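S.K.: Input: one structure, supplied below.
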Amino acid sequence: MSTSSASASASADEKQQQHPRGIHFGPFEVTNQIFMTTPHSFALVNLKPLLPGHVLVCPRRPAQRLTELSAPELTDLFTSVQRVQRMLARHYFLPPPSPSPSPSPETQQEQPTTDPEEATTAGSFNIAIQDGPEAGQTVSHVHVHVIPRIRGSTAKAAETPSDELYERMAAEDGNVGGAQWDRELAAAADAARGRPQPGGRFPSIEDAQRRARSMGEMEAEAALYRRVLRELEEETAR
């Protein structure tokens, strides 16, 4: 094989890794929303995120319940959740580096840390699984919600005993299946199956007016997260 052919092949392989084809979340094809894949799991940006950075991590096999996963699948799923947490912490919890026209040892020491473990403690996360329809699951495919809580922005108010986010997850805000249904299957869905409904809380408060994001918006966010993951892994490998 010539050098140019090898380069073209490598470029095609890299593109295939960045944009894997044919990945489904339940019945929904979500390939363009994917920003990370592993042997047993994938992570995707959310069509209607509750807060900035709200993403989903799923097993590749469309198991409906957490107890259906094998030990390797379960290990890979939660290892992937940790990996996504570190990426989101780097992006949302750390201030951007201050530009310096002439870097010096002194200014370099003033830059914020990029240590993955330290970054994760610069904010907090909601990690949630709605395991079955009675718990509010609207897509019959195990998925872990990973939601960064940014200090001074989207963090839970310290003086409140409860967290409104959990109420929103169980209402129309968190209706992942309904949002995907609206976008992809509304015209052709089986009327007997119908649109998934939110659940898992009482009383139910509907908020169907929240805007679903465009595919372009989701693809841009997925590309951003792939870049942050790559930077994080390059730093970790040093």
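Here the Cβ of each residue, glycine as well, is placed from N, Cα and C on the backbone.
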S.K.: Between the candidate ranges 1-24, 145-168, where does TrEMBL place the region 'Disordered' annotation?
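M.R.: In TrEMBL, residues 1-24 carry the label region 'Disordered'.
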S.K.: Of the ranges 71-75, 141-145, 201-205, which one does TrEMBL list as motif 'Histidine triad motif'?
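M.R.: Motif 'Histidine triad motif', as annotated by TrEMBL, spans 141-145.
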S.K.: I need the CA-to-CA distance for Gln130 (substrate binding site) versus His143 (active site, tele-AMP-histidine intermediate), whole Å please.
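M.R.: About 8 Å separate the Cα atoms of these two residues.
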S.K.: Using His143 (active site, tele-AMP-histidine intermediate) as the reference point, find which of the binding-site residues Asn46, Gly136, Gln137 has the shortest Cα-to-Cα distance to it.
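M.R.: Closest by Cα: Gln137.
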S.K.: For the domain 'HIT' (21-156), what does DSSP give as the number of helix, strand and coil residues?
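M.R.: Each residue of the domain 'HIT' (21-156) counted once, the result is 41 helix, 30 strand, 65 coil.
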